[in-house]
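Chemist: Please see the structure below; I have some questions.
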Amino acid sequence: MEQRNHSSLNEFVLLGFPSVGHVRGWLFGLLLLAYLFTICGNALIFLVIRLDRALHKPMYHFVSVLSFLELWYTATTIPKMLSNLLSEKKTISFAGCLLQTYFFHSLGASECYLLTAMAYDRYLAICRPLHYPAIMTTALCAKMAAGCWTCGFLCPISEVILVSQLPFCGYNEIQHIFCDFPPLLSLACKDTSTNVLVDFAVNAFIILLTFLFIMISYGRIIGAVLKIKTAAGRKKAFSTCASHLMVVLIFFGSIIFMYVRLKKSYSLTLDRTLAVVYSVLTPLANPIIYSLRNKELVKAIKRTIFRKEGKASPTHH
């Protein structure tokens, strides 16, 4: 009977942000504003890049794919966070919890691979400028983006299968703001050392390997930039990488500390803080970083907006 019914729990309770008390409304408002800004900012960047022919370049193709990914990445967690802040019943079904965990990790892994592809694109553009147009074709960009999504969605399958087979037969309160592997493992009434080891191996492979490739790319990029004789030339070359590098450092800085560790116990406050960074603040920061630091993208946004305004308000003679 125990083998047939792996879990005697039908649902979990997501504690989310405990002890917020009277500031619950303010927290809901801030999170809602952040989510709306994330949706609008990333959707705007995605649409502008797709509509403006001047931005039909490999670098902007990857930026548009990243913006599209961020829309889904935030949709897996933030709506449930918002509903839990308003509702007294903070439950999530066992299947729903596993699905949220799977999609959150799939999209997170896809982002790791995509940021690596973007670093490779910048490496080719700066270190191999003569070969760049021949190598980084539209077809290769599409294949690289598809590969990032495919690999990302394959990565967490083994972890989800292992967690789905664990028995959960007692305490059902998840001490986190969304469903994730570490808090789920802490609730299992069985030894989870195998799960912890598999989680560590998968996360270390995805996160550390992609981060290593990105750092190697930037090491070569910096070497090539320093060889440029003029200060203006160096500034122009590195300005195309600055936005991407900022996003990489924010995203990887939080997930490396969160997921690449061989232990089941963890600091609840620290983990909630890091979870807010990589699930809310990073997707929120992406459109700000890319739009503020990229003059070509800002001009394209203005062209798109003013063009629509011009069509909506025709001049009368």
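A Cβ is built for glycine as well, from the same backbone N, Cα and C atoms used for every other residue.
Below are the features listed in TrEMBL for this protein:
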TRANSMEM  26-48  transmembrane segment
DOMAIN    41-290  domain 'G-protein coupled receptors family 1 profile'
TRANSMEM  200-226  transmembrane segment
TRANSMEM  238-260  transmembrane segment
TRANSMEM  272-292  transmembrane segment
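So where do these features actually land, and what's packed around them?
Modeler: Within the chain carrying the transmembrane segment (26-48), a Cβ under 8 angstroms from the stretch's Cβ atoms is held by residues 17, 20, 55, 63-64, 67-68, 70-71, 74, 78-79, 81-82, 85-86, 280-281, 283-284, 286-288, 290-291, 297, 300-301, 304, all 6 or more beyond its ends.
Non-local neighbours of the transmembrane segment (200-226) in the same chain are 109, 112-113, 115-116, 119-120, 122-123, 126-127, 155-156, 158-159, 234, 237-238, 241, 245, 248, 252, 255-256, 259-262; each lies 6+ residues outside the stretch with a CB under 8 Å from one of its CB atoms.
Here the transmembrane segment (238-260) has Cβ contacts under 8 Å with residues 59, 66, 108, 111-112, 115, 118-119, 122, 125-126, 199-200, 203-204, 207-208, 211, 214, 218, 221-222, 225, 271, 274-275, 277-278, 281-282, 285-286, 289-290, 293-294 of the same chain, all six or more residues outside its ends.
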